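Enquirer: Structure provided below as structure tokens; questions to follow.
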Amino acid sequence: MSVIYLDNNATTKVDPEVVEAIMPYLTDYYGNPSSMHTFGGQLGKAVRTAREQVAALLGADESEIVFTSCGTEGDNAAIRAALLAQPEKRHIITTQVEHPAVLNVCKQLETQGYTVTYLSVNGHGQLDLDELEASLTGNTALVTIMYANNETGTVFPIEEIGKRVKERGAIFHVDAVQAVGKIPLNMKTSTIDMLTISGHKIHAPKGIGALYVRRGVRFRPLLIGGHQERGRRAGTENVPGIVGLGKAAELELIHIETAIKKETRLRDRLEQTLLAKIPDCEVNGDVTQRLPNTTNIGFKYIEGEAILLSLNKYGICASSGSACTSGSLEPSHVLRAMGLPYTTLHGSIRFSLCRYTTEAQIDRVIEVMPEIVERLRALSPFKNDEAGWLQAQEQTLAHR
């Protein structure tokens, strides 16, 4: 049975061209890029090329790219660097729907005397810019907001947010882990000060990422040690990973326009057909301002985990939320922040596509989903009894 992988917001397949680019740096070119000898110099050149490739994808200067190990490190580094550079300011603004790499850092900072404002979202997952405006003060050191939500695909009005942030003199950090490669970016014309990306979301290996730091932004490094990355991130460079990220960035820039069109078409077909064939289901999130590859659909009166297990029997991989919170018994914090009823958020499934997704794969999901939902609803003692279903959920949670 072949795998139908529709969980690309969790991670992606490494592109074969990326694998080919990496292999020599795992076997033949194994020196240290900081070494003075020719062997080390060859690796230094490879790192510089990769930096240029990543910069081109972001519309940035290569001097503004700092290689990291992942998106989580990038988020941590950006947040803490901004605060270390402005010790007199003790206020942070973020949203209720951020990735744990941002939310949990902010929660920890609250225990260290910082005040954090968590902006709310509406039923479509969008921010109220007036709430942002009212929250900004002279004491605000940092505003950290994701470009696009990893669970719903909702895209925030980043440049409008950035204009308001800059008017108040705060640093603006954006987690663009889900947006890069799906939305064209140009840091040269952007209001963003720092931006995080992660390799494994754009068909590069796991364990490599990058942080964009605008020239002139005060930056205090998270990792202290050697001189690597111009003193902004200590530690011997992961050359195979960096080369892989560079090649992946080059390929994303080549494919981005065709990928956006293809993924949008396949996503819309999947979404519209399921909504037409299956009663009591709805799309979660903004249906206009969103990523081209992502749909999050709530199937009422059944559990998302049961849907995923049923899909898995057909070799179909999807998600009920962020892979970084999948071990939690609680429903998605993103969908809860949107105020969705429990009958919807407990049965919500995210399908996330990529440039490798095919028509035949979408056809297969469309074929099996109606039967899965019908069977699971038939097994439910409450079916479409919303009050009874909610009571059963509360009792289940109380005994866990």
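Glycine residues also receive a Cβ, built from the backbone N, Cα and C atoms like all the rest.
Checked Swiss-Prot, it gives:
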type	residues	note
BINDING	G71, T72, N150, Q178, S198, G199, H200, T236	pyridoxal 5'-phosphate binding site
MOD_RES	K201	N6-(pyridoxal phosphate)lysine
BINDING	C324	[2Fe-2S] cluster binding site
ACT_SITE	C324	active site, cysteine persulfide intermediate
Enquirer: Please give the pyridoxal 5'-phosphate site's span as the largest CA-CA distance among G71, T72, N150, Q178, S198, G199, H200, T236, to the nearest whole angstrom.
Expert: 30
Enquirer: How many Å lie between the Cα of Q178 (pyridoxal 5'-phosphate binding site) and the Cα of the residue listed as 'N6-(pyridoxal phosphate)lysine'?
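Expert: Pair distance, Cα basis, whole Å: 7 Å.
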Enquirer: What residues, ordered by sequence, lie under 8 A Cβ-to-Cβ from H200 (pyridoxal 5'-phosphate binding site) and sit at least six positions away in the same chain?
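Expert: T11, T12, C70, K206, G207, I208 - these are the non-local Cβ neighbours of H200 (pyridoxal 5'-phosphate binding site), listed in sequence order.
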Enquirer: Since the record lists T72, N150, Q178, S198, T236 as binding-site residues, which of them has the fewest other Cβ atoms within 10 Å of its Cβ?
Expert: T236
Enquirer: Which one of these binding-site residues, G71, G199, has the sparsest Cβ neighbourhood, judged by other Cβ atoms within 10 angstroms?
Expert: G71
Enquirer: Applying a 10 Å Cβ distance cut-off over all chains shown, what neighbour count does K201 (N6-(pyridoxal phosphate)lysine) have?
Expert: 26
Enquirer: Look up N150 (pyridoxal 5'-phosphate binding site) in the DSSP assignment and reduce it to helix, strand or coil.
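Expert: DSSP call for N150 (pyridoxal 5'-phosphate binding site): coil, neither helix nor strand.
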